[in-house]
Structure formats: C-alpha cells, structure tokens
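**Student:** Below: one structure in structure tokens.
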Amino acid sequence: GDIGWDPLALGAQADIQRYRARELINGRWAMLAVIGVLVPEFLGHNNIFGSPDQHWWNTAIVNDPIDGFQLTYMGETIPWGLFWLPIIHLPLFFVAEALRVGAFELEAFKDLDKLYPGGRLFDPLGLADGQTEEDLAILKTIEIQHARLAMVATFVFILEGLAGKGPYDIF
C-alpha cells in the first residue's frame, strides 16, 4: 500500500502497474516460501520429520544401487525419486503461469482481475464475499504489506542458509 515512502521514486514510473503486479506475484511466492521454510524447520527441530541437524536447504541426490537416483530432503528420501519431479512439477507450473498471463482463454477466467481474481475458483471459502470496496482496499493493503515482510524474511532465510543455520538455530 501507499504509505508515502518511495525513496527511489518508483511510483513515478510510467509502468507502475507492471511493477505493482510483479511485486504482488513475487510477494505471494515469498509468503509460500516462508511457510515452506518454517514448517519443515519446525518438523525437523521437533524430530517429526528429518532431524534437528538438517535444514530446509539440505537437499541431496543419492545414487541408490537398487532404486537409482533418489532425491533426499532433510535427510529423508522423497518417495517417487528424482525422475518424476520435473515430469509432475513442470507441466503444472506451466499451466498455472499460462493461465495467469492470459495465454489461454477459458470461460471460467473471463472478465477476472489478473491480480485479484476472486470468485469461486480463487476464493473458495468466500472470504471476500459481502465486503465493501473500502474493505477490499484494506485487505489488499494488508496483503501487500505481508508480502513485503515475507520477501524480507525469505532473504533472511537465504542469508541464514549461507551461514549454515536455519531459522530455529538463532533462538
């Protein structure tokens, strides 16, 4: 949200909507990344999955004589192996991104705002139903503030990983 702090004058740029869209998309990915770092760290720290000496960045490819190349995460073997990871992940990622940028025209996505689509597909719990425009503006501001915080947190997690530590190691 606009809180009056823009030291680089990015708000004066002609393509501010493009910057806004990129910040929001990257912020949403960062919010997912924070969850993807903290949950495995918590599980490993409490010996539920992995072990306390393993961290979210501990991934390895192990050549098993029987099963071939296996992917490990926090010391645990990923069940399907390395071969299936790109076969499953890349098509799903491609379809999601193609739908986001409008490469495909689907009736369900017609006339939706690309940044805040809402509707049955994107708000299945109906959290935005019955909200006024003023309430939605407040929710959008809260989302971008959380996204910015998540981007900073992700950067800190990366710095901790470079130092060989995890988020729970600093406490």
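Each Cβ is built from the backbone N, Cα and C atoms, and glycine gets one as well.
Taken from TrEMBL, the feature chlorophyll a binding site covers W5, E23, E143, R148. The annotation chlorophyll b binding site is assigned in TrEMBL to R28.
For each feature listed, report its degree of burial, its nearest neighbours and the pertinent distances within the displayed model.
**Tutor:** Just so you know, the Cβ of R148 (chlorophyll a binding site) picks up 15 other Cβ atoms within 10 Å once every protein chain is counted.
Sequence-distant neighbours of R28 (chlorophyll b binding site): residues of the same chain at least 6 apart with a C-beta under 8 Å from its C-beta are A147.
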**Student:** For the chlorophyll a binding site, please report the maximum Cα-Cα distance among W5, E23, E143, R148 in Å.
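**Tutor:** Value for the max Cα separation, rounded to a whole number: 17 Å.
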**Student:** So for E23 (chlorophyll a binding site), how many other CB atoms are inside 10 Å of its CB?
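**Tutor:** A count of 15.
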